Amino acid sequence: MGKISGSGTVAPHILVIFGASGDLAARKLIPSLWDLFEQELLPRTFGILGAGRTALSTESFRARLAEAVTKHAVRTPHDPARLTEFLQKIHYFSFDPTDSVAFADFATYVRTLDQSLHTEGNFIFYLATPPSLYETIPTQLAMHHLNREQGNFRRVVIEKPFGYNLETAQHLNASLRAHFQENQTYRIDHYLGKETVQNILVTRFANPLFEPTWNRTHIDYVEITASESLGVENRGGYYDQSGALRDMIQNHLLLLLGIIAMEAPAVVSSSRLRDEIVKVFDCLRPMGERDVMQHTVRAQYVAGKIRGVAVPGYLEESGVDPRSCTETFAALKCYIDNWRWMDVPFYLRTGKRLPTGVTEVIVHYRTLPIALFEHIERPCAREGNALVIRIQPDEGIQLKIDLKEPGAGFKTIPVSVDFQYSALTYSHLPSAYERLLLDCMNGDNTLYHRDDAVESAWRFIDPILAAWKSNKSPLLTYPAGSWGPKAADDLIKGSAPRWHHPSSTLLSDDFACRL
């Protein structure tokens, strides 16, 4: 089973989770902390303090989390005594974080717990809360002097969405800077914690096979797809205020674009890596209204079938305004105006209720100027070589090339050279939250967003949102279970007949045309 290694000995501390009675803590945070505990990567002197409005005792909170660990952890608990040892590190405090008097009581409790656990005044404050509290909680922490570092550390972790647009992101950054230094602030994007995302850097910069050809001379175009077969589930109210562009492209897909397109840093360090990603964002070609009309597609799913099961349309989902114009599908054609990538199109696509749930990057290489060999036409074959980087699921890399078909003549057939993480000696990759939580504990913010990166991404997205709001690009529809509206295929036709349609398994990806 996969194991991650820390960058050093983690100092004693208390991890405070605001919104601890919510879904994120139960499904991701606590199970990931258990996995770190099982690998003996947590310090012996360590505590978890859950904080939330829900009235719970510490014992009832622990009982909830025991069930969550059993259900969601990568490493299923087999030793009841070991699980009990972990649960004994967990505490709970019920209060309203918007109430200053209640927050004073909470601050007193935190300091008392710190003294009893001997955690040396070190705190990580994780905001697993609605975005409406992203300004309130850090302000309250500062009012009660829980932000000050005096030979110890105080860090704050903030989930996405970080802002609703450029203006709100800048306001939130300014508010945070008033109370926490940038090196105390950790803006989390779980995509950066995925092994396959980090492996893009190694694939590019550790292999002379790829880096010399990673440019406009050899690469024709790049596709980045994050498809979901699920609908909005129980997040209808949140999603209706967000949409696919804000929810996925502004953060996850632009991040993947940044890593694919960045220059090699002089050294692998937090500041250098993040500098290069910001440079990519700053070089994104701005979109005016005409560009938005020509280079973007937005759509909303209507009733259809997913793997033969009927599902409702978006407007029939719980919590969604029946008159909503929120997009559940978004596709962009964008350019990076720098020496390496000038005029190479990057196609970004995301959507809900698509045939399968897959995130992958496909780098398409240019065809040769002269075709010496006869190519066998296959309904799903693509001209040219391609590198498929599968982020999730069935993580791996696939290099698509042409070889000679056995027999007389020189007819070529498309084949693939594959690597899958499942082929390694361990059976499970560490979860993204395992890696990111451990990095934060070690004070390593390499895989967290910096303030200027967030603002640069919003600076690119804002004009698209504005044009969509004024209906410069129509809101289309697509049946659930399809790959989106026809206009999305029209968007990519300048580079290919259609998008690369991912399969649920890497080895049957696209050439086999199986979903």
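Placed from the backbone N, Cα and C atoms, the Cβ positions cover glycine too.
These features come from Swiss-Prot:
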type: BINDING; residues: Arg53, Lys160; note: NADP(+) binding site
type: BINDING; residues: His190, Lys194, Glu228, Asp247, Lys352; note: substrate binding site
type: ACT_SITE; residues: His252; note: active site, proton acceptor
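On the structure: features taken from Swiss-Prot.
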{"residue": "Arg53", "record": "NADP(+) binding site", "Cβ contacts under 8 Å, 6 or more apart": "Ser21, Ser94, Phe95, Asp96"}
{"residue": "Lys160", "record": "NADP(+) binding site", "Cβ contacts under 8 Å, 6 or more apart": "Arg187, Ile188, Asp189, Asn251"}
{"residue": "His190", "record": "substrate binding site", "Cβ contacts under 8 Å, 6 or more apart": "Lys28, Ala432, Tyr433, Leu436"}
{"residue": "Lys194", "record": "substrate binding site", "Cβ contacts under 8 Å, 6 or more apart": "Ile391, Gln392, Glu395, Ala432"}
{"residue": "Glu228", "record": "substrate binding site", "Cβ contacts under 8 Å, 6 or more apart": "Thr350, Gly351, Lys352, Arg353, Leu354, Gly357"}
{"residue": "Asp247", "record": "substrate binding site", "Cβ contacts under 8 Å, 6 or more apart": "Pro161, Tyr239"}
{"residue": "His252", "record": "active site, proton acceptor", "Cβ contacts under 8 Å, 6 or more apart": "Asp189, Tyr191, Ala226, Thr350, Thr359"}
Item checked: Cβ neighbour count (within 10 Å, all chains shown) around Lys352 (substrate binding site) -> 24
Notebook entry, point to check: So, in DSSP terms, is Lys194 (substrate binding site) helix, strand, or coil?
Noted result: coil
Notebook entry, point to check: Helix, strand or coil: which one is Lys352 (substrate binding site) in, per DSSP?
Noted result: coil
Checklist line | Three-state secondary structure, which DSSP defines for His252 (active site, proton acceptor) | finding: helix
